[in-house]
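Here is what TrEMBL records for this protein:
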type	residues	note
REGION	A:1-51	region 'Disordered'
TRANSMEM	A:59-79	transmembrane segment
TRANSMEM	A:85-104	transmembrane segment
DOMAIN	A:85-647	domain 'CstA N-terminal'
TRANSMEM	A:145-165	transmembrane segment
TRANSMEM	A:171-192	transmembrane segment
TRANSMEM	A:213-237	transmembrane segment
TRANSMEM	A:243-261	transmembrane segment
TRANSMEM	A:273-292	transmembrane segment
TRANSMEM	A:307-329	transmembrane segment
TRANSMEM	A:336-353	transmembrane segment
TRANSMEM	A:415-438	transmembrane segment
TRANSMEM	A:521-538	transmembrane segment
TRANSMEM	A:697-718	transmembrane segment
REGION	A:728-774	region 'Disordered'
COMPBIAS	A:751-774	compositional bias 'Basic and acidic residues'
Amino acid sequence: MGKDARRQSDPSARSNRRGDVQAPAAGGEAEPVVVQDPDLPPTALDEAEDTPTWTPPKVIVWVLIALLGGVAWTMLALVRGETVNAIWFVFAAVCTYLIAYRFYSKFIERKILRPDDRRATPAEYNQNGKDFVPTDRRVLYGHHFAAIAGAGPLVGPVLAAQMGYLPGTLWIIIGVILAGAVQDYLVLFFSMRRGGRSLGQMARDELGVVGGTAAIIATLAIMVIIVAILALVVVNALGESPWGVFSVSMTIPIALFMGVYLRYLRPGRITEVSIIGFVLLMFAIVAGGWVAETEWGAAAFTLDRTVIAVGIIVYGFIAAILPVWLLLAPRDYLSTFMKIGTIVMLAGAIVLVRPEITVPAFSEFAGGDAGPVVSGSLFPFLFVTIACGALSGFHALIASGTTPKLIEKERQTRFIGYGGMLMESFVAIMALVAAISIDRGIYFAMNSSAAATGGTVEGAVAFVNSLGLAGVDLAPEVLTQTAANVGEESIVSRTGGAPTLALGLAHIMQQLIGGTALMSFWYHFAIMFEALFILTAVDAGTRVARFMLQDTFGNIVPKFRDPDWRLGAWICTAVMVAAWGAILIRGVTDPLGGINTLFPLFGIANQLLAAIALAVCMAIVAKRGYFRWLWIVVVPLAFAAVVTITASMFKIFSPVPAVGYWAQNAAFRNALETGEESFGTAPTRAAMEAVVRNTTVQGVLSIVFVTLAIIVIGFAIWHTVKSIRTGGGPSSEDPAVPSRRFAPSGLVATKAEKDLEKQWADVDEDKRPARTGH
Amino acid sequence: MPTASGAMRGPDGRASAGPPVRDDAAPLGVLVSAGVVRGWRAVRWFVTSMMGDTAYATFVEHQRREHPGDPVPDERTFWRERFAEQDRTPGSRCC
């Protein structure tokens, strides 16, 4: 039953209902001809109507945007003053995004995607009123953004700030327009043309069984490492913080209450219950401050990092086997609500406060590989430290999942796919601004591992002042005062990025509302909302991984495919939780510091997934026969492949122990063999043995990831070359079905689109299409 | 109010389907309050559609058009089935 049930919901296994199609896509440039219902107004704009006319006001506006962007980039990159104002980051980012969206994404649309609004989307031809629903483009934009943006773009830029602000800024903005947004747009479009098929299925269709299977195993492994490292970020943010532990644990009863409310009291009132949940959440944050001040509160909620890690593992297992309505769905509503609200708030605050940035464009660590936050040289490690926000392979899973089933018209994929990713990139820029708005001394004291600082104020001051940072002279009072301001015992070695971002956000927000008195509230507000995203990602990631594992086991024991077989689901959940839990515990107890050694693996995994997604897209574009424009995909693919494979090679083969996992492993093994009692930052033999174990796991994972990615990319290149030789290949698209509806493609409807919408408004109601948004 | 909802919201309930119909003779106060109402409706429409409050209404409308005569589950049952479906086929959330 299980397999059949799944096949039923599989959109690729459906019949062609309204088959007024003359020629199916046979590969190459041949596009199917779609004949539309003569009783209806046009379902697409004529090409003539769609060609933009360059009126003088339009030209002036674009010249002004370009000029403002140019001035902003000059301020950031060329003018070397004492400080630079944060507003230039906003202008540089927004102007570049606008130009890239208007010109480059349009270019991609014209040259390799060629959406055809006369064709119905899966949401239209498969419409079932549930998961296939033509959705208003603006609503879907919000929906898609909420699904792709999480803690990733908030963490990576913070850690990369150790190299100065310019490398990160350049990579986030240039990376997104040439790579990240391109990937999201292409995957969304190709999945939409295939009835919303998943990336794994598309890989199997395009690359054959071996390439496809490698892609699926890589996805599974990558999911495990990503969940583990996100959980590590939460553990680091909550360790020794009774306030944080209390308010974040309160999200569980709040979510349970919301779940029960939605199921038994008022089904479907999601906004209402989210507002109630939000109010409760704010109360939990304030109450956390009271609880942390009481003796019993401090005693009960000051937890060791290992205890928190075990707590999250137990939580992760229970949350993933509980029904969705009870915990996952309500917390997801809460996190969507918080996400959009906080990001709008932070953007507004940066524009209003306009903090002065004292961090240099390139720091002392931009040139070497000895940075204390994440080790490794700028190339390639900057590009893996900042994954989300510039290029995130994980998005390919979203862009080939829920979103393509909700697209109303084909041409809207540009706004939703490319435009949605630009918004995430903007979030990354804001996180970077927040991180560099705090004092550099504090930044390094927070982000250097406890192995370096000893976890004490004195140790941190001595360590940071020994780094030889220009203009940094850290005083112990600064650290104790800042910790007191944010209501924490200490801010030394609060690694993982989340506490730094929280401090940056608190620093900016308190200048707008409340002053120092509210700083502790803002700090814990930020910790809370990051923890909320991450716990949702942990829970959902475990479920998806379990689902994939069930499918894999199902090849051997078919019963595993039955979604109603609870025991099977529990076994697979336990396996997945054990996998990420083991990495999490190793990260938490790592004598070398944890996040600084593991974070590169997170970025590498995410970028490898991006390389896999782009490789699949390259094979598809080649099959469509658009060889001249193949570079649009090849450039970001080559870059992602070079970066991740180089980074993996560094991690595997580098002789520098801080960079290479095996070099570190050998150094510690040698020390153990020669009978040393302590080595490097490991004070005991047990700790040294832990380092050997950890580096073995990390080293093996690096090898597994890079091997799988090379297999997938290799297959993609082979299929691409084959397509080039034969002039294209058979299309795996679903057959074209004529559309019976119209909607504008971008955020704001053009004049021609408005005119056409008016024609549709005059159509009889029973002929007019149904859509969401009542 | 002269520029009431009908003009601004399409029959399918979508706000801001076009520019507001402005009655130039109306006094400023009426125009401002109409603008506030319109803005509020647009925000409300966006938030409730995005969060999913409208999912049941969308489904009922779909059933009415495509499968008239079929029994339509009540809202409670609809949400139970929807969540049960999510239990069976989990979707990803991003980092």
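Yeah, the Cβs are placed from backbone N, Cα and C, and that goes for glycine too.
Unlike curated records, TrEMBL annotations are generated automatically.
Remote same-chain residues near the transmembrane segment (A:59-79) are listed as 85, 88-89, 91-92, 94-96, 98-99, 102, 165-166, 169-170, 361 (criterion: CB distance under 8 Å, separation of at least six residues from the stretch ends). Residues 203, 206-208, 210-211, 214-215, 217-218, 221-222, 225, 582-583, 586, 597-598, 601, 604-605, 608, 611-612, 615-616, 618-619, 637, 641, 644-645, 648-649, 651-652, 661-662, 665 of the same chain, all 6+ positions outside the transmembrane segment (A:697-718), place their C-beta atoms under 8 angstroms from a C-beta of that stretch. Mean predicted confidence for the domain 'CstA N-terminal' (A:85-647): the pLDDT average there is 93. Taken residue by residue, the region 'Disordered' (A:728-774) breaks down under DSSP into 11 helix, 1 strand, 35 coil.
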